[in-house]
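Asks: This is the structure, below, for whatever I ask next.
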Amino acid sequence: MSRRAPDFWFQPPGLRARLLAPLGALYAAATARRLARGPRTRPGVPVICIGNLNAGGTGKTPTTIMLARLLQDRGVAVHIVSRGYGGSEKGPRRVEEARHSAAEVGDEPLLMAAFAPVWVADDRLAGARAAVEAGAQAILLDDGFQDPALAHDLSLVVVDAAKGFGNGLCLPAGPLREPVDRGLARAGLLLSIGEAAAQARFAATLGTRLPLPHLTGRLAPLQTGMDWQGQRVLAFAGIGHPEKFFATLRGLGADVVRAEALEDHQPFTPQLLIRLETESRLTGAQMVTTEKDAVRLPRSFRPKVLALPVRLQLDDAAPLEERLASLGL
């Protein structure tokens, strides 16, 4: 099933959006009722939720990795809890890189397991309790902003600055899981990710009366010593916004011979891999993908593909550091 967001979500509301708006209102009402029920249980250690208001990719995974490394640098034993979207494991189960596959635990948890202990669990509360029993001093909740089962000591809402909050309507009329004003009223920090021009446009749509501190940041390629200048590449990506990955490669000087935009979490079937490898050989282009896609590749195929890692860089981390300090972290 396709998970790529339809274009009309990010355009001024037209006929299609207006026709679907009543369903969006019902979706928003259902979310509000679910959030009101609670029970908002506390697992005994600080819980930091990295969530979003939009459906789809907004940069939660690199944000979670950044927070994990920040807390580790402070000597905090931090664990990550995730639903493990796309994986078959119901959990709670600790992710083991050498043992588990993306089909079992999901691609994001498998990627994040290289940075911190990760637990996948359909029941986030059960996952948090398992993490605490294993020694977690703080929990990063990957997604779950609209899940009332677990109390959040700090909620960080992540948004793609280039996409913003789309047409401002809830699913299926727009990209939102809940109305922007309600969501931001429950959050502790807003983080927009993107380049300077996109950040300026997004800030203009927000106005000056935000109810919470606004962080900005961007995803920057990790310096690995690889010289991309003039390198012929066949790039493929199955992430929320694959065009950003292709633009990053071009910005590094790579000659992108072909850019294959896959659906988010699209399976790598044998037929797809054979086609990519054949095109790579015929064009003399090196296959390149994202870190998240690389962990989904069959182990036997991975040596044929380069991965381009990116890391989140905050413009000013002070508001985040203040919130962490208030939690004793």
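Cβ from N, Cα, C; glycine included.
According to Swiss-Prot, the record shows the following:
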BINDING   Asn54, Ala55, Gly56, Gly57, Thr58, Gly59, Lys60, Thr61  ATP binding site
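Just tell me what is around each of these and how deep it sits.
Replies: Using a 10 Å Cβ-Cβ cutoff, Asn54 (ATP binding site) registers 25 neighbours. In the three-state DSSP scheme, Asn54 (ATP binding site) falls into the strand class.
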Asks: How many other Cβ atoms sit within 10 Å of the Cβ of Lys60 (ATP binding site)?
Replies: 23
Asks: Other than Asn54, Ala55, Gly56, Gly57, Thr58, Gly59, Lys60, Thr61, which residues of the same chain sit close to ATP? List them in sequence order, counting a residue when its Cβ is within 8 Å of the Cβ centroid of the site.
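Replies: Apart from the listed residues, the neighbours are Asn52, Val158, Asp160, Gly240.
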Asks: Fewest other Cβ atoms within 10 Å: which of the binding-site residues Gly56, Gly57, Gly59 wins that one? Let me know.
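Replies: Comparing Cβ neighbours within 10 Å for the binding-site residues Gly56, Gly57, Gly59, Gly56 has the fewest.
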Asks: Below 8 Å Cβ to Cβ and six or more residues apart, same chain only. Which residues does that give for Thr61 (ATP binding site)?
Replies: Glu108, Leu111, Met112, Asp142, Lys292
